[in-house]
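Take a look at the structure below.
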Amino acid sequence: MTGANTEDFRASFFEECEELLEAMQDGFDQMAVDLHDSETMHAIFRAVHSIKGGAGAFGLDDLVAFAHHFETSLDTVRSGTIEADANLLELFRQCGDHLSDLVAASRQGDMLDPRASDALRTSLDTATGADPDADDDDMPEFEPIALNLDLGDVSPVDDPSDKGFEIAFKAEPDLFASGNEPLVLFQALERLGALKVTADVDQVAPLDTLDQESCAIGWTLHLVTDASEAAVRDAFEFVEGFCTLMVMPIGEPEAPISPLSADDIPSLGDVMNLQSPQHEAPKEAVQEPVPKPEPKTKADTPKMAGTIRVDLNKVDKLINLVGELVIKEAMLSQSIIEIDPPAGSNVAEGLDSLKQIASEIQEGVMAIRAQPVKPMFQRMSRIVREAAAATSKRVRFETVGEYTEVDKTVVERLVDPLTHMIRNAIDHGLEGPEDRAAKGKPEEGTVTLSAAHRSGRVLIDISDDGAGVNREKVRQLAIERGLISEEAELSPAEIDNLLFLPGFSSKEEVSELSGRGVGLDVARSEIMGLGGRVSISSTPGHGTCFSISLPLTLAVLEGMVIKVADQTLIVPISAIQETLQPKTIEIHTIGAEGRVLRNRQGLVPVIDLGQLFGFRPASADLDHRVILLVESDGGQRCALVVDEIQDQRQVVIKSLETNYGHVDGISAATILGDGRIALIVDPENIIADRGTPATSDLDLQLIG
Amino acid sequence: MTLRVLAIDDSRTMRNLLGATLRDAGYEVDLAEDGEDGLRHLDSFDPDVVITDVNMPVLDGFGFIEAARARPCDRVVPILVLTTETAPEMKARARSVGATGWIAKPFDEEKLVWAIERVAATGGSA
């Protein structure tokens with residue numbers, strides 16, 4: 001095996017470890033529902049066992065040692081020696097977490113503090129009474145054997161001065177049933193030195209009385225070798241108990257042998273065949289002490305369809321190329337429109353199918369990067385356990401929609417913000433058990449993590465059933481820190497949003513858990529960096545929910561191409577509810593500049609994009625313009641005034657932050673078919689700046 | 001003739017390693033994912049030697065050996081059990097269902113080949 005190969009195997013081992021750890025976590029979750037499901041226990045055991053097996057192959061001793069200990073304890077439950085209870089499950093989970101840590105450390109070539117392993121081992125021993133050292137640590141079966149491979153260079157067999165052994169061997173019937181074969185064994189023995197085999201056929205009965213299952217032939221083997229007696233006996237390891245065997249150094253008194261000429265040796269195979277034409281011995285002979293095999297059940301984990309491992313860079317390259325393809329296709333289609341070919345011409349038809357194929361390729365390539373959020377959710381379940389332990393709170397963790405698929409990069413970069421928000425929910429959101437009991441709630445709090453797709457985005461909610469945001473306190477803190485003035489009148493939602501302000505912490509003393517120097521503002525900016533948004537909603541006494549909305553992929557967006565004051569902009573289709581002609585709708589003027597649109601669901605603030613971005617002054621006459629009714633993930637709406645709608649198409653997102661910087665109201669940029677750059681509008685951001693509070697105020701004014 | 005070896009293991013890592021090691025040793029190799037898969041490959045590949053893991057989903061190593069041994073065939077295929085557990089009871093159990101021999105994990109090429117040589121007719125050197 002070459003070095004590069006070994007690296008590949010190593011990488012694939014760690015990849016498999018991820019899957020195995022996931023299966024293990026699934027098993028623990030399943031055990032929480034049914035502690036005594038033996039299939040689950042088998043699956044957990046196998047996962048840990050496989051990790052151990054692979055780790056052994058790569059010489060990861062720490063990992064092997066701990067996995068072995070863990071596995072042995074699991075086995076006590078698997079075999080029914082002891083019964084699992086909630087405490088033991090909790091301990092198993094901790095061990096599972098530690099195993100994950102060990103895998104991660106091994107992957108990076110790090111060492112973990114051995115005390116963590118030792119402490120867990122001790123706990124395991126106490127809890128399960130298993131002593132892994134009793135049944136193992138005996139791997140001496142295949143001590144390296146010095147093999148004499150140089151068969152051509154052996155001395156003559158009969159030289160009496162040679163070192164070697166005289167071996168008497170007689171097979172029992174079971175030997176054949178086990179798939180062993182004297183001929184093969186002798187051939188293997190030949191590797192140790194020069195071998196001379198003599199068969200004793202005196203005991204062989206005539207054909208008509210021959211017992212097919214017994215072997216009446218005995219053999220005397222004369223082996224000239226430098227190998228030790230142990231090495232010689234080792235060759236007979238598999239047939240030990242299936243034969244009578246005597247091994248004596250040459251020169252010692254010989255066992256009685258009936259000599260037979262060496263010419264008989266080539267016919268040995270034939271003799272064997274004659275002796276036992278039916279090699280598969282009757283079942284009774286094989287089966288006597290057979291322990292009952294484990295129940296055979298169907299696969300307990302859904303089998304994945306065939307997969308291949310692909311370097312992420314290759315996929316990235318493909319995605320970039322597809323992006324270019326989409327841009328070129330747009331350019332081509334623009335040029336063709338300029339030529340204005342007759343409808344139904346080959347060119348127009350070709351372009352149409354090209355468009356379709358390009359979009360299918362794009363979809364397919366994007367799907368390659370999509371992966372379920374499940375592994376990330378499982379990591380969060382550990383965060384929950386640790387946070388619960390650190391705060392002495394009882395927490396139940398629920399997940400919803402864990403098979404929702406999101407771009408791999410999005411999933412990876414979401415880990416930190418999610419970790420923070422989950423810690424936040426447990427540390428600040430949930431009350432302690434006594435508090436909860438006093439309020440008539442179950443002592444165990446619940447944190448729910450859910451994922452779902454909605455109109456081309458993925459929504460992730462982190463909700464708790466805690467006390468909700470203490471708005472009075474938040475307001476007070478905000479005033480103390482000079483974030484708002486004392487007179488400021490804020491709606492409940494605005495107060496909740498103060499939590500996202502930099503440097504804000506709703507807890508007076510920095511706790512062990514939250515005192516990591518990051519606040520919700522950091523989590524929020526990480527999410528925004530992904531083109532996502534986060535909002536908070538809270539009901540006093542009933543809990544808080546953080547909602548994160550993310551693009552499915554970081555690369556492509558379905559957008560509406562619009563024009564405002566000769567500038568081309570893109571508005572994400574996912575945000576647009578409907579498009580309207582101002583002529584046909586009711587628009588009210590509020591104050592000097594404010595305008596609202598009345599439609600079925602009430603009043604919606606009107607925002608002129610041309611004015612907002614400073615392209616031109618606000619247009620007084622809306623008649624020749626178009627209105628896009630857009631909605632945020634939180635359900636807030638506003639009406640964007642634009643000059644003209646040009647097209648609807650997929651655009652390739654080019655990050656503005658990476659290349660330039662953040663611009664309010666703009667989420668990214670794209671390259672148009674003619675090579676020009678167009679900015680992508682961020683309706684959510686615009687609504688957040690101008691949205692709800694104004695609407696509610698206006699509502700009051702209008703009604704009053 | 002090249003020796004045909006069927007290796008059964010539910011761990012992808014282990015299959016990869018076994019496959020590479022056995023191929024390096026000059027054998028023709030087929031891989032199966034569990035006991036039941038192994039039985040199918042036993043029919044289609046017709047191996048000279050089988051190496052099987054013990055702990056596997058669907059059908060474990062012992063189950064595989066029992067099923068393989070119960071099949072009518074013109075010869076008894078040698079089956080080596082690949083295991084991390086080398087305790088005497090394990091060997092006794094492996095043997096009682098009809099295993100030919102055993103190999104301890106982690107294995108190296110030399111041990112693997114030595115174990116195979118003791119049970120399979122390589123046909124060459126004799």
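Each residue, glycine too, has its Cβ placed from N, Cα and C.
TrEMBL labels come from automatic prediction, so no person has curated them.
For the ranges A:114-139, A:426-451, the feature annotated in TrEMBL as region 'Disordered' maps to A:114-139.
In terms of DSSP secondary structure, the domain 'CheW-like' (A:556-692) contains 23 helix, 72 strand, 42 coil.
Each residue in the domain 'Histidine kinase' (A:354-554) has a pLDDT score, and their mean in this model is 83. Applying DSSP to the domain 'HPt' (A:2-106) sorts its residues as follows: 90 helix, 0 strand, 15 coil.
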